[in-house]
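Novice: Can you read through this structure? Questions will come right after.
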Amino acid sequence: MTKERVIIIGSGIAGCTAALRLMQDYDVTIITKGHKEQSNSMLAQGGVAAAISKSDTPKKHFSDTFQAGCFHNKVRAVNQLVTCGPIVIQKLINEGMTFDEKDGELSLGLEGAHQLPRILHSGGDQTGKFLTTFLQEKLTKVNWQEQKMAIEIIKHDGRAIGVHCLDKENQLHTYYGEHIILASGGLGQLFPVTTNAATISGDGLALAYRADATLSDMEFIQFHPTLLFLNGRCHGLISEAVRGEGATLIRADGSAIMETVHPLADLAPRDVVAATLFEEIERGNQVFLDITKVAHFEKRFPAITTSLDEHQVPFRETKRIPVHPGAHFLMGGVRTDLNGKTNIPHLYAIGEVANTGVHGANRLASNSLLETLVFGEKVAEYIHTQKNNRIIAPENPPTYQTTMPHLPEKHILQEKIWETLGITRKPEKITEFLHWLETFDYANHTRETAEISHMIITSKLIAESALKRTESLGAHRILKGVTK
Ligand SMILES: Cc1cc2nc3c(=O)[nH]c(=O)nc-3n(C[C@H](O)[C@H](O)[C@H](O)COP(=O)(O)OP(=O)(O)OC[C@H]3O[C@@H](n4cnc5c(N)ncnc54)[C@H](O)[C@@H]3O)c2cc1C
C-alpha cells in the first residue's frame, strides 16, 4: 500500500525533527526556499536550554520561562516544553548527537534570565549548525525539494491538501499531501537590522493567514541586543552566551551600561537590554561588549572569533566588540495546540512560525531550539495517530496574479517596518503605516513579488496586533512604556 504523504515547509530543526520521526511510515517531502542549510537553525550559537543538571528541575525552568515571558505564556505549553525537554535531549544523545563536555560531564552554559547554567552547546558556539547537520544526515528517506519557495497552501473542502511553490526560475511546482506542516521559521528579514538568515521573511505566516489559519501574539518580536555593528551595518549575532561568560556592555568611555538598569545587569531579559542599548544609541552613544573578563574567548566562541576576524575587528587588542540591537525572534505566530495543530484541518505549524504559547511576551534565551525539538516530536506523534486521511487531489491552480502589481521596494518596506514596529512603537505611526500598506497590491507570480507581498501581510498582522495592545508588555514596547 502506498504511504500517506507529509509535506514539510522548511528545513530548520523543527522541520527536520518532524521529518526524522515520520520518514519510516510516511512519504515525506521537505520543501525549502534556499539550500537545505539556509535557516535560522543553522545560525543558532548559544545552545539548547533543558533542565538536565542535578541541581536543576523542570519546575525551575518553568519559572524562568514564565518570568521572561511576563506571565503571558500558556501553562500547559510551557509544562510540555520543560518536562519533555530533557527527554528529547536524551533521545538525541542516545542517537549519537554530541554536546560539549567538561570533565566528562555535559558542559552547561548560563544565559540571561536563567537562574542557573542549563544551556547545552555543541561545537562551542555552533550548536544550531551541529544539530541541524546531525538531523539532516539522518534524513535518508526524505524527498528534498531545495530552492522551492512555497507561495500558497492549497485547500479543498476546508482542509489543507498541498502547497504551490516557485523554483528559482519562477516555474510553478505543486505538491499534494495528507498532512502539511509549516516549519518556515520567523520573520527577521522584515527588518533592515536582523540576525536572521536571508530566507526568513515571514512567508509562512502570510501563507497561513491566506489559508484562514489563526495567528496570535504577532506584536511580540524579540530584538537581540548584540549584533556585530560596523560602518552602519549589522553582521550577525554576538551570542548572549558571551555575556554569560562575563562580557559587559559599555559606552565608548568605558562606563558600564546595565549595572544601574536591572538587578541582573548584563544578563537582564533581552527586551530590557535591547531597549536600553537602543536608547543609548538614540542619544548618540556607541555601545560595545567588553570581553576583558571572558576566559579563553577564542576557544569558547570559535565561530564568533572567525566572524570578527573576517570583519577585521581588532578585538584581541581592544577587548571590545561594537554592537547594536536588531530583530531576532518572533514569539507569536500561527496559533497551535500542544500537537502543532492549527485551526485548519491537516495544517500544522511547528518551530518559530508557530505560536504554541511557550514564549509568552518574550522568549527565554535558548528555549526556541528546545521548542523546535519538542514540538517537532509532538506533531509526528500526533500524525501517527491519524488514520485514513487520503485525499483525491483536485487540479487546483494557484490564485496568483500576473499583472504588473504596485508593490514597494523591499528596502523601503524594511525601513518603514523598523521605524514603526521596531524596539519602541508609537500608535499614531502604526496607524499611518497601516494606511500606507493599503495602497499596495498582492502578487505572487514571481518569488520577488511573493516575498514582498508576504512581508506586507506579515507586517500588517504585527501592526494590527500592536495597535490592539495598548500597554507595553515584554518585547512589545509602546514609546517610553514600562515593561510590566
Ligand atoms: C543568529 C541566531 C542565533 C540564535 N541562537 C539561538 C540559540 O542559541 N538558542 C536557541 O534556542 N535559539 C536560537 N535562535 C533562534 C532559533 O535558531 C530559531 O528560533 C529556530 O532555529 C527556528 O527553527 P525553525 O526550524 O522553526 O525555523 P528555521 O530554522 O528558521 O527554518 C525555517 C526554514 O523554512 C524555510 N522557508 C522559509 N520560507 C519558506 C518558503 N516560503 N518556502 C519554503 N521554505 C521556506 C527557510 O529557508 C528555512 O529552511 C537563534 C536565531 C538566530 C537567527
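One-based numbering along the chain as shown.
Each Cβ is built from the backbone N, Cα and C atoms, and glycine gets one as well.
The annotation active site, proton donor/acceptor is assigned in Swiss-Prot to Arg270. The feature FAD binding site is assigned by Swiss-Prot to 11-14, Lys33, 40-47, Asp203, Glu352, 368-369, with similarity to another entry given as support. Swiss-Prot lists Glu111 with the feature site 'Important in orienting the L-aspartate substrate'.
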Novice: State the Cα to Cα distance, in Å, between Ser368 (FAD binding site) and Glu111 (site 'Important in orienting the L-aspartate substrate'), rounded to an integer.
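Specialist: With distance taken Cα to Cα, Glu111 (site 'Important in orienting the L-aspartate substrate') is 13 Å from Ser368 (FAD binding site).
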Novice: Ala44 (FAD binding site) to Arg270 (active site, proton donor/acceptor): how many Å between their Cα atoms?
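Specialist: Counting only the Cα atoms, the answer is 16 Å.
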Novice: Have a look at the binding-site residues (Ala14, Ala44) and report the one with the fewest Cβ neighbours inside 10 Å.
Specialist: Ala44
Novice: Of Ser41, Arg270, Ser368, which recorded positions come close to ligand 1, meaning Cβ under 6 Å from one of its atoms?
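Specialist: Within range of ligand 1: Ser41, Ser368.
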Novice: Between Gly47 (FAD binding site) and Glu111 (site 'Important in orienting the L-aspartate substrate'), what is the CA-CA distance rounded to a whole number of Å?
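Specialist: Between the Cα atoms of Gly47 (FAD binding site) and Glu111 (site 'Important in orienting the L-aspartate substrate'), the distance comes to 10 Å.
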Novice: Of Ser11, Ala14, Ser41, Glu111, which is closest to the residue listed as 'active site, proton donor/acceptor' if I measure between C-alpha atoms? They're all recorded positions.
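Specialist: Of all the candidates listed, Glu111 is nearest in space.
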Novice: Provide the three-state secondary structure of Ser11 (FAD binding site) computed with DSSP.
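Specialist: Looking at the DSSP assignment, Ser11 (FAD binding site) belongs to neither helix nor strand, so coil.
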Novice: Does anything in the same chain, at least 6 positions from Ser11 (FAD binding site), have a Cβ under 8 Å from its Cβ, and if so what?
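Specialist: Once residues fewer than 6 apart are set aside, Ser11 (FAD binding site) is near Ile30, Thr32, Lys36, Glu37, Gln38, Ser39, Gln136, Trp144, Glu146.
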Novice: Under a three-state reduction of DSSP output, how is Ser368 (FAD binding site) classified: helix, strand, or coil?
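Specialist: Looking at the DSSP assignment, Ser368 (FAD binding site) belongs to a helix.
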Novice: What is the interatomic distance between the Cα atoms of Ser41 (FAD binding site) and Glu111 (site 'Important in orienting the L-aspartate substrate'), given in whole Å?
Specialist: 18
Novice: Fewest neighbouring Cβ atoms within 10 Å: which of the binding-site residues Ser41, Ser368?
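Specialist: Sparsest of the binding-site residues Ser41, Ser368 by Cβ contacts within 10 Å: Ser368.
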